[in-house]
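Below you'll find the structure, written out as structure tokens, and then a few comments.
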């Protein structure tokens with residue numbers, strides 16, 4: 001199969017390309033006079049990539065999953081939020097180590113590791129994930145603008161306004177990576193203050209918050225709560241975020257000729273990522289707890305009667321006057337807070353959503369750059385890449401805005417977009433496990449056998465959870481008729497076949513399958529230009545480098 005073996009995409013595009021990070025802009029790491037295990041100065045120098053990475057855990061899609069979980073299951077799913085952040089931290093640590101040790105990010109390694117056709121498929125899948133994520137962020141920002149303007153700026157205009165994000169990103173990026181990281185920290189702080197304010201005002205029951213966080217159980221939960229728990233997990237583990245994090249760590253100038261310096265970088269990046277994701281967890285906890293306290297076991301009629309006296313709140317009649325359990329999304333969540341605590345609470349909520357959308361769109365743009373640089377290797381000016389990335393995301397969003405006939409019908413797109421991103425997850429998770437387990441890439445920094453097995457198990461569970469969620473979404477929205485399965489059947493088989501294709505490469509990298517097996521369409525011995533400058537001698541005894 002020629003397309004699956006030795007074809008080279010460099011025949012189609014020039015290999016030379018503009019590097020996002022190089023030695024002239026990479027942050028230098030200070031040298032301490034004293035050889036101490038920990039240095040605050042060094043931690044500060046390494047601080048930044050983890051916060052940019054953590055934005056994916058705070059995007060509008062995650063916020064909406066949080067508020068729906070709170071309204072539906074009260075505090076009972078907080079432990080799912082905690083577990084998903086812990087698993088995410090372990091996976092992000094692997095992604096960061098890959099970038100530090102190899103000196104390349106995931107897309108660049110995939111270009112060298114896989115044959116032509118598989119890597120083109122990988123590239124397209126990740127681009128789809130980026131576009132879907134960007135659509136969520138565009139919609140979230142447009143909703144925030146709608147609420148901040150008290151409904152005077154319609155959703156369609158709000159979507160068009162988000163084009164300015166591109167120019168904002170280009171303007172900030174000109175001043176260097178540290179300035180950009182500061183902006184992201186400011187946006188995360190804005191979210192923490194906004195959602196923290198709502199948490200304080202709502203006064204959740206702290207004992208229930210603590211119990212829901214540490215007790216891994218959901219008493220009295222049924223099918224709907226299980227699906228909600230799955231959506232929380234799926235919304236947190238974002239496929240394109242692994243590609244992003246492995247590239248962001250390259251913004252630090254790490255001496256790869258020194259094993260000590262590489263280990264040091266891995267340590268500080270792990271500490272920074274753990275802190276950033278801890279902040280992310282508490283922000284998500286704030287949102288879930290607010291709506292657990294305010295909307296659990298409430299009906300649409302309850303909220304409708306609350307909103308009758310608030311003429312200053314736009315669309316205060318969004319909740320129908322019936323006895324059905326209340327359903328809520330980003331837009332309705334803001335309206336509810338306005339009806340409960342006044343216009344100021346709605347504005348604070350909108351500011352938090354705006355910050356989430358702004359930060360997520362900029363990281364999505366960055367990810368699009370890295371993916372294009374690695375997979376396609378097209379030498380484009382940065383402004384052109386940014387504009388095209390945003391145009392691809394805005395075009396389908398505009399179409400949805402026109403067809404949705406109003407903001408009330410559009411915000412429910414979150415479940416569909418989360419579903420599409422879940423479909424893409426194996427195409428980031430499996431390659432990452434493969435690369436970090438490979439001796440040819442990581443050498444003596446490859447993940448240990450226990451961690452390999454743990455990550456494989458996590459991967460299988462995560463993919464299984466996502467497949468279950470996708471099945472539920474399809475059957476609930478399109479039914480279970482034979483025609484549906486006839487239509488999606490061929491695509492499902494191709495999807496599973498490609499996952500198995502990637503899984504075989506992963507098993508070979510983990511040495512669970514012999515690379516001497518001659519399988520059609522596989523090339524286990526592609527030449528990789530990954531050096532190991534920290535290794536002074538190149539002989540190996542029992543897989544240990546000396």
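Backbone N, Cα and C atoms are what each Cβ position is placed from, and that goes for glycine too.
If you check Swiss-Prot, you'll see residue 207 and residue 480 are listed on the same side of the membrane. Just one residue in 322, 409 has N-linked glycosylation site written against it in Swiss-Prot, and it is 409. Here the candidates are 8, 321, and Swiss-Prot annotates 321 as N-linked glycosylation site. Annotated range for transmembrane segment in Swiss-Prot, selecting from 454-474, 517-537: 454-474. Ranges compared are 229-249, 250-270, 292-312, and Swiss-Prot records transmembrane segment for 229-249.
The stretch with the most CB contacts under 8 Å to the transmembrane segment (229-249), chosen from 71-91, 182-202, 454-474, is 71-91.
Most Cβ pairs under 8 A with the transmembrane segment (335-355) among the ranges 43-63, 182-202, 271-291, 416-436, 454-474 are made by 182-202. Taking residue pairs at least 6 apart in sequence, the transmembrane segment (182-202) and the transmembrane segment (271-291) share three or more C-beta contacts under 8 angstroms. Where the transmembrane segment (454-474) meets the stretches 71-91, 120-140, 416-436, 484-504, the count of C-beta pairs under 8 angstroms peaks at 416-436. Proximity of distant same-chain residues to the transmembrane segment (120-140), defined by a Cβ-Cβ separation under 8 Å and at least 6 residues beyond the stretch ends, is recorded for 9, 56, 59-61, 63, 107, 110, 114, 159, 162, 238-240, 243, 330, 353, 356-357, 360-361, 364-365, 367-368, 371, 375-376, 389-390, 392-394, 396-397, 400, 410-411, 413-414, 417-418, 420-421, 424, 427-428, 431, 498. Long-range neighbours of residue 321 (N-linked glycosylation site) (same chain, six or more residues apart, CB within less than 8 Å of its CB): 300, 301, 304, 305. Away from its own ends, the topological domain 'Extracellular' (203-228) comes close to residues 65, 68-69, 72-79, 81-83, 285, 289-290, 292-293, 469, 472 of its chain (Cβ-Cβ under 8 Å, at least six residues beyond either end).
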